[in-house]
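Here the structure comes first, spelled out in structure tokens, and everything after it is commentary.
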Amino acid sequence: MNLSQLKPKAALPEPEKTHLKQATQGHRFDAELVAVTKSYGPGAPAVDDISLRIPRGSYCCLLGPSGCGKSTTLRMLAGHEDVTEGAILIHDEEVTHKLPVDRGTSMMFQDYALFPHLSSLDNVAFSLKVRGVATTERRKQARAYLELVQMDHLADRLPNQLSGGQQQRVALARSLITRPKVLLLDEPLSALDPFLRIKMRSELKRIQKELGISFIHVTHSQDEALALSDMIVVMNDAKIMQAAPVREVFETPTNAFVARFLGGQNVLTSDTHQVSVRTDRCRLGRSPGMRSLEGQIAMIEYQGNLVRITLQTTLGDEMTVLQSDTEYFAQNPQIGDTAVMSWHPSDEHVLDPMQAG
Amino acid sequence: MKLNPKAVSLLQVAPMGIIFTAMVLVPLLIIIVVSFLDYDFARVFPEIYLGSWQDVLTSQLTLDLYETTFKFVAIVWVITFSLGFSIAYFLVFHVRTLQIRLMLLAAIAIPFWTSGPIRAVAWVPLLGREGLVNQALLGLGIVDQPVAWLMYSEFAILVAYIHLLTMPMVITISNSMMKIPGSIIQAAQDAGASEFQIIREIILPLARPGIAIGTIFVVTAVMGDFFIVKTMSGGQVNTATMAIVTELNAFQYPPAAAKSVLMLAIVLGLVALLLRFADIRKELTK
């Protein structure tokens, strides 16, 4: 079936919903958090006064280490967690205290959360069933969504007769059939094996682009965030460190935490400023006009087309040089060698000073 | 010393096998044999006599007794299931912390630390002619003389059964409910299901094993009980099990044995039927 048929805006059947669509057509942001705080009692809050605007039709990844508050943020967006302070808007409409179903969000859970006693088809058809849609009609619609995720051939299987990847597809179809304005994904790929993870992530991206709705995806994997995102939100210690388009976050991280967490950057001190330099812009050996740092080669990782060389500096910091394999084999450094890492001053990006950690 | 795996398995099974054979299979076999023997007021003769079975299987009395028994089973099941499911639902889905949940479960269980006879006697100050309930009704002017059927009646039997058997229903059903992941309930909420729809479409089917096991508790307890019937009815109500006890007390072993075998067959049949709704092994291991 043609995906455009399933777009939430193109295919709303009831006239009153068409009116609703008019009201939201001019919205600026798909989702907005305004000074949102979540505390579970006294002590440090789980989410501390964060504000965020997610533009229309974005693939947005919430990225951060475990316990940084990214999952709590997602659950507050979903309406599965109360907001202590602040407001949440979906399509410019305040939903802070609304039920999940009235928000226009749908969540895909880490454990898929399929109903174990229902077939794939009836899992997908569930939201239509509770709205009182007749059996044949809801099964017909559910089958269309199973086709979208290429699961229609296993429509009659129970969840425990499906593989992890297949369960994931059914869960995706079950979320999409509610025609959400925003789809929320809680570490959706973490239970899959690496090969399937990469396959599934390109599929998520494809479906997001074709539906044109926003996906908000929680992950702790930098690769996943970089590969999928239009916009990355890096969180740490209940706060947002940086929220920006993916390229901006990667190339110009605001502080050392973002630079280190995203990877691909060396964080070092130059002229008393803390700066970041991309690892692929660093090279081994001294050159005129370039800044440099001395250290001992601690690790060499051959990655095929690239080689990652880790230097231990005299101060105990670890620096990384990402070389092409041609360069590497030309220089042929060895573990334990004393080496010099150098970079061009124009490749330095000044970071905001931040507390150690 | 190295034993082959088959011998190890046999050795491991042996203690249970021996106990089961000696304590269950052999006595059962004796009961079956006795049910086919002749008897008089004092002795059992080693002669085949089919009269006991003929009696049990053809008399109107058997039907009447089982009718009373099944009536109790049905009423007790409906009420304990309704109570058990509601209480378990409240404990699992509305009580937020595990500590409070366990505390409330303990509150249900603590009255059962007292022995059966004490609990049976304890109903008298509440339900008896001079009991609390009657005094309240008299005091409020709702009745002008004590209500007699509160104690020593079918009503009293049902009250005692429900009091006794609601707890196993709560525990088996809440055990099943606690295994339902929170994300499944949240997914149903996302899909727009109301609380009632979630109960009917998700929780009820997923709690089915617990309901089945709780039902087995209730059915076997009511069918096998004579103590509550005897104490709570003051000997005025007769059930299938009471009839067996009465004959045992009169030393009429063969008809008592025949009735016991029939009872056993019926209970086993019911349990087998109920087990089709629950995989006990899965319930115990998960």
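Using the three backbone atoms N, Cα and C, a Cβ is placed for every residue, glycine included.
Remember, TrEMBL labels are computer predictions, not curated facts.
Under the heading transmembrane segment, TrEMBL lists B:12-37, B:72-92, B:104-127, B:147-171, B:210-229, B:256-278. Look at TrEMBL and you will find B:66-274 tagged as domain 'ABC transmembrane type-1'.
Only residues 6 or more beyond the boundaries of the transmembrane segment (B:104-127), in the same chain, are considered here, and those with a CB under 8 A from a CB of the stretch are 87, 91, 95, 133-134, 150-151, 156, 159-160, 163-164, 166-167, 170-171, 174, 227-228, 231-232. Recorded stretches compared: B:12-37, B:72-92, B:210-229, B:256-278; the one with the most Cβ pairs under 8 Å to the transmembrane segment (B:147-171) is B:72-92. If you count C-beta pairs under 8 angstroms between the transmembrane segment (B:12-37) and each of B:72-92, B:210-229, B:256-278, the highest count goes to B:256-278. A Cβ distance under 8 Å defines the sequence-distant neighbours of the transmembrane segment (B:210-229), meaning residues of its chain 6+ beyond its ends; these are 69, 72-73, 76-77, 80-81, 84-85, 88, 116, 120, 157, 160-161, 164-165, 168-169, 171-177, 237-242, 244-245, 263, 266-267, 270-271, 274-275, 277-278, 280, 283.
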